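Novice: Sharing a structure, written as structure tokens. Questions coming.
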Ligand SMILES: NC(=O)c1ccc[n+]([C@@H]2O[C@H](COP(=O)([O-])OP(=O)(O)OC[C@H]3O[C@@H](n4cnc5c(N)ncnc54)[C@H](O)[C@@H]3O)[C@@H](O)[C@H]2O)c1
Ligand SMILES: O=C(O)C(=O)C[C@@H](O)[C@H](O)[C@H](O)COP(=O)(O)O
Ligand SMILES: [Zn+2]
């Protein structure tokens, strides 16, 4: 005879944390540690990439050591192609060989590839150690450093393996945007426009009206301090307001995946020639145009999305070297796929998301209809 028992796991973990936005926040990070942010931690592992290492990783390491903390730095080659299980394993072995254990803290210093990889490592090392995110790109500030989605890419597609592991604090260093290449800055604008599309029409209008204060005609970042501060704060507010309601993406959080059903597929099929934000920009256009077909937004609203992306110096068309078939096939690796059917999330006009009759924010789409749209976007 079988017996059954209920395992009662009342929520015992409070995953709340602060996001600090400002310039040159190393001093603030040190103060937090001195004031007991992580009282059980005795060793700090800075994880960063090869480009960020000399700019921000080493200076933080030196400051930590000068302030009396035991710390080391672990670096991997910059770029999306390093965001793999192999890199994670190499870093883990380095930490283990230096006697890192459960009393350590991971400090991720860099862009989204670093916070995703280091966050995943932090979520599994010793079954989970605290992580601090120090965001040095607009994309990480706007999106990746907040919300606790961590993971790595596999040869099949992006972000397929990972865990939800919330950071203990997020530092958004606006001064770091001054060393960021223009193309990377524009990539971060794509997630910014995504947030405006999905949650905040006023922010969308702000971006439309102020794009000339954000990006020059030649696509260079302008970096007006007030504008940058407003962009960082608004992105973080939009994101955490969703995450605090649905941390593990049971439904509402899917709205943060706007533009990503096609976007992540494009990113993978391009062999990472497209940056994450660039792929998301094209993905936003695909969902907007498809949304017009389904009656979720008007053609004029979709044109506003395309126009804002264009003014931000982002691509809005599928590159010629990617076939519709390859793109379509890759969409089946999306995490929203259910029962073998691709699902999209859609804008409801500008600044709101479509919620469907069953309460879900994502909906299955007919492959033939997506294919038809892709053909139209190619002008066929
Ligand atoms: N977890 C999430 O919620 C989430 C959200 C959005 C994107 N992402 C992930 O984030 C990644 C993209 O983020 P990203 O664009 O920040 O990537 P990234 O970390 O690869 O950074 C982009 C490039 O900029 C360099 N860089 C970083 N900061 C710099 C600085 N201040 N000055 C000069 N160079 C600098 C990096 O070395 C890298 O070459 C993707 O892997 C994507 O999947 C995750
Ligand atoms: O935080 C989220 O939730 C997001 O979906 C944010 C996305 O911008 C981000 O690219 C995320 O990593 C994509 O998640 P995935 O589950 O589609 O891999
Ligand atoms: Zn994204």
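Positions of Cβ are set from backbone N, Cα and C atoms, glycine also.
Note: TrEMBL annotation is automatic and uncurated.
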Novice: Would you identify which residue of 191, 201, 208, 209 TrEMBL lists as part of the Zn(2+) site it also attributes to 260, 276?
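Specialist: Matched candidate out of 191, 201, 208, 209, per TrEMBL for Zn(2+) with 260, 276: 191.
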Novice: So how far apart do the NAD(+) binders 112, 113, 114, 115, 116, 136, 137, 149 get, largest Cα to Cα in Å?
Specialist: 17
Novice: Given the binding-site residues 112, 113, 114, 115, which one's Cα is the least distant from that of residue 191 (Zn(2+) binding site)?
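Specialist: Minimum Cα distance from residue 191 (Zn(2+) binding site) across 112, 113, 114, 115 lands on 112.
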Novice: List the helix, strand and coil residue totals of the domain '3-dehydroquinate synthase C-terminal' (188-337) as derived from DSSP.
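Specialist: Across the domain '3-dehydroquinate synthase C-terminal' (188-337), DSSP assigns the residues as follows: 101 helix, 2 strand, 47 coil.
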Novice: Got a sec? Which of 113, 116, 136, 137, the binding-site residues, have CB under 6 Å of any ligand 2 atom?
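Specialist: With ligand 2 as the reference and 6 Å as the Cβ limit, the list is empty: none.
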